[in-house]
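Enquirer: Just lifted these from TrEMBL, have a look:
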{"type": "TRANSMEM", "residues": "B:55-77", "note": "transmembrane segment"}
{"type": "TRANSMEM", "residues": "B:98-115", "note": "transmembrane segment"}
{"type": "TRANSMEM", "residues": "B:121-140", "note": "transmembrane segment"}
{"type": "TRANSMEM", "residues": "B:152-170", "note": "transmembrane segment"}
{"type": "TRANSMEM", "residues": "B:182-202", "note": "transmembrane segment"}
Amino acid sequence: TPDQTTKDEL
Amino acid sequence: MNIFRLSGDMTHLMSVIVLLLKIHTIKSCAGISLKTQELYALVFATRYLDIFTDFVSVYNTIMKLIFLATSFSIVWYMRHHKIVRRSYDKEQDTFRHLFLILPCLILALVVNEKFTFKEVMWTFSLYVEAVAILPQLVLLQRTKNIDNLTGQYVFLLGAYRALYILNWIYRYLTEKHFVHWITWISGLVQTLLYADFFYYYINSWKNNVRLQLPA
């Protein structure tokens with residue numbers, strides 16, 4: 001999973 | 001993914017669909033701020049730079065493509081469509097959004113999580129999204145007549161941000177060290193900008209009167 005950021009959000 | 005975020009994304013999707021339907025079906029963009037639409041196109045263009053390099057999920061990629069396509073087509077409609085562009089009141093939509101873009105760019109260069117091009121662009125897109133609604137709110141206060149599609153559009157946009165705040169609270173509680181002040185603060189500022197609109201929108205809906213924003 002991508003590093004724990006909010007990048008997986010739109 | 002959690003229910004707050006999914007419903008937030010769906011509400012956001014609804015807002016752009018409502019807007020596209022309004023513009024496409026009645027061929028009118030009266031009451032819509034082109035400046036806000038251009039800012040949103042800028043937000044998606046600078047936020048989704050990694051759309052082809054960092055794969056998160058099919059859902060994520062599809063939604064990014066939808067937001068990019070809809071935001072740019074709305075700008076195209078309002079600028080170049082021979083019928084729609086006639087209903088754009090450029091005399092009223094005079095917010096100088098450059099005065100929003102430059103401070104966001106400077107702030108993104110100063111306040112970011114990592115000083116790389118992608119990270120600065122991503123942070124810049126967060127700051128621009130936080131203030132993107134301002135030209136639209138200014139236009140609504142000037143034009144007085146808020147048709148209900150435009151009202152619904154702004155309401156859905158605000159609801160999407162409010163749901164995202166619930167999503168961050170949920171993720172903070174369930175995922176350890178999920179702390180992202182930049183995202184949270186810019187998201188909170190953005191949602192607060194809608195607060196007074198929400199107040200008048202819900203009141204007008206409750207008293208069943210036309211939505212009037214104070215001068």
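Quick reminder: no glycine exception, Cβ is built from N, Cα and C everywhere.
A TrEMBL annotation is a machine prediction, not a hand-curated record.
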Enquirer: So if I exclude everything within five residues of the ends of the transmembrane segment (B:98-115), which remaining residues of that chain have a CB under 8 angstroms from its CBs? That is, six or more out.
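Expert: Residues packing against the transmembrane segment (B:98-115) from afar: 39, 42, 121, 123-124, 126-128, 131-132, 134, 180, 182.
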Enquirer: Should anything in the same chain at least six residues away from the transmembrane segment (B:55-77) have a Cβ under 8 Å from its Cβ atoms, list it; otherwise answer none.
Expert: 1, 9, 12-13, 16-17, 19-20, 23-24, 29, 34, 37-38, 40-41, 43-45, 48, 84-85
Enquirer: Same chain, outside the transmembrane segment (B:182-202) by at least 6, Cβ under 8 Å from its Cβ: which residues?
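Expert: Apart from its flanks, the transmembrane segment (B:182-202) reaches 111-113, 123, 126-127, 129-131, 133-134, 137, 140, 151, 154-155, 157-158, 161-162, 164-165, 168, 211-214.
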Enquirer: Using a Cβ-Cβ cut-off of under 8 Å, list the residues of the same chain that are 6+ residues beyond the ends of the transmembrane segment (B:152-170) and lie near it.
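Expert: Residues packing against the transmembrane segment (B:152-170) from afar: 2, 4-5, 7-9, 11-12, 14-15, 18-19, 22, 32, 133, 136-137, 140, 178, 180, 183-184, 187-188, 190-191, 194, 197-198, 201.
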Enquirer: Against which stretches of its own chain does the transmembrane segment (B:121-140) lie, if we need a Cβ under 8 Å and a gap of at least six residues from its ends?
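Expert: Contacts with the transmembrane segment (B:121-140): 31-33, 35-36, 39-40, 42-44, 46-47, 49, 92-93, 95, 97, 100-101, 104-105, 107-108, 111-113, 146, 150, 154, 157-158, 182-183, 186-187, 189-190, 193-194, 197, 213.
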